[in-house]
Amino acid sequence: MAARCAATAIAGGIASSLRTVYDFIVVGGGTAGSVIASRLAEIRRWNILLIEAGEEAGDADPSWRLRAEPQAGTCLGAPDKRCEIPAGKGLGGNTLINNMLYVRGTPSDYDGWAEQGNVDWSYRNVLPYFLKLEDVRIKSSTREQRGKGGPVSILELPKKSPIVDTFVAACNRLGLRTVDYNAETNQTVGYVQLTRRRGKRITAADAYIRPFRTVFTNLHIMTAARVTRVLIDPRTKQATGVTVLTNGIERRVRSNKEVILCAGPIFTPHLLLLSGIGPKDSLEPLGISVHADLPVGVEMNLRHVAFPLHLATNRTIADSPTPTKLEAMAFLNAALPQTHRHFGASHEILFQYEPRDSREYFSLGLIHLRPASRGFLRLNTTNALHPPLIYTNFFTDPSDMEQVVRGIATCVKIVQSDEFSKLELKARKLQAPPCDRLRYGTDEYWRCVVRHVGHVADQPYGTCPMGSRSNGRSVVSAELRVHGVDRLRVADASTMLPVANGHTQATVYMIAEKASDMIKSYWDWGNELERRR
Ligand SMILES: Cc1cc2nc3c(=O)[nH]c(=O)nc-3n(C[C@H](O)[C@H](O)[C@H](O)COP(=O)(O)OP(=O)(O)OC[C@H]3O[C@@H](n4cnc5c(N)ncnc54)[C@H](O)[C@@H]3O)c2cc1C
């Protein structure tokens, strides 16, 4: 009976069709989890269980509502002065709520991963996976470097504001080229590329799960089901399954082949820690027996974004008003020379159109792409329903704030350019009362505003980074296997090494596509793969 259950959502989990043993258990039906479950289900003799804590169609509030621990001098305008850590909940995960920006990063990013010992992750090796996942419908894109016909549809905005072209022209004057920033490398400006189709958001579940629901009878999907631990045999150090909580009942589900964690950059390390994989010093005091002493959550990459510049133009809105939208982005090098040792961009500038009161307004946002400060997370209780403690550590390295101020100086240069002069821009001061006593436009003013209105860009990553065990900083190997524990893999934003763009979903999609092939070739070597595009 169980085998006939077609890619069924087993909402609430108590379903007679649930098996007790699967070949693969994929934990987290978000961005990576949707890809991996779907790709593994292509091997029809394998049974796959995908477990998602949120609802099938996304929760009414599809967010985990996570907050970082309070930290002086950052997110001062947020409730309780605690940075929100955005995280999506439901089938599709973050792709239910993200800003849909599709940005791959540059070849040198991935070549950097390879130089750190992950040779199979060089740009040459990851490009085929970007091409496989993409369905790019943008005229200006470079054909050899962009994919067509893959599951993830990527489009430009159908309608743009008239002033975005002024922004692009002003950036061109600064030496930035208008090219496809997902194909070219550096110093670029372009219109945003979004994961959308026919005017609608495309989630990972829309791209990888829904079209195959009736086809993949070997894929079972449990929603509203929260994995609480990975089961590890202490003798063999092998993952053997998971415990999962549904409707208040905890049950065990076993895996024949592998458990694959795709619960995202906060909950994947959380599950590892709860399961005895993490820093011994912090797990033992909580009474957790340690299976592998690894730096889980010890470092967390995250970027800060602020929109400090808000400007009114002299233009009234001709058409019916459109909502606020990100329309263009520029990647440039504005860093202090002594601190920027990379070839790639140091800053990203975002152009956001914000019509209001029948006038055309816009704002410029800034992300410093290579912050020196790193966050971390840790467990403070063994209760699996309590999220870990999250520390952003924003600006704890003082050079980061100086880089932000430098980036804002570039934004000011852009709006003071000849291109913008005909729009007679007027600056709008932000609602940040403690900054009002400072003179608008001074470095001191910008620092104050950034500390008040800034927040976490996108989402953290790199809490379980890939690399060789001997470097002491990595949690998974280049094959994404957890060091020292057999049959357990991580494949999501947790494993990412730094990339020079402020966004992560494209890289996560690529990681998941590549991980799927790694798993298939490990378990299916020599057999004919039933592949699909
Ligand atoms: C508000 C917001 C805006 C963003 N905007 C952009 C953008 O414009 N461009 C961009 O590139 N990136 C953006 N990002 C980041 C990007 O979407 C993520 O980095 C990426 O999608 C992460 O994928 P993932 O698979 O690692 O995690 P997720 O997609 O978060 O998937 C994890 C899944 O696991 C589930 N889960 C967690 N714990 C458990 C458990 N114990 N048991 C079962 N299930 C569990 C979660 O509910 C979730 O569905 C944004 C993120 C957010 C939150």
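Glycine is no exception: its Cβ is also placed from the backbone N, Cα and C atoms.
Caution: TrEMBL annotation is automatic and unverified by curators.
Just so it is clear, the model here is predicted, and its values are computed rather than measured.
In the shown protein chains, 26 other C-beta atoms lie within 10 A of the C-beta of V227 (FAD binding site). If you look up TrEMBL, you'll see V227 marked as FAD binding site.
Taking the domain 'Glucose-methanol-choline oxidoreductase N-terminal' (264-278) as a whole, pLDDT averages 98 in the prediction. The annotation domain 'Glucose-methanol-choline oxidoreductase N-terminal' is assigned in TrEMBL to 264-278.
Under 8 Å from some Cβ of the domain 'Glucose-methanol-choline oxidoreductase N-terminal' (264-278) lie the Cβ atoms of residues 27-28, 30-31, 53, 64, 66, 85, 87, 93-94, 227-232, 288-297, 300, 377-379, 382, 384, 387-388, 390, 459-464, 475, 482, 485, 490, 492-494, all in the same chain and six or more residues away from its ends. Secondary structure at V227 (FAD binding site), taken from DSSP and collapsed to helix, strand or coil, is strand. Here the domain 'Glucose-methanol-choline oxidoreductase N-terminal' (264-278) has, by DSSP, the following mix of helix, strand and coil residues: 11 helix, 2 strand, 2 coil.
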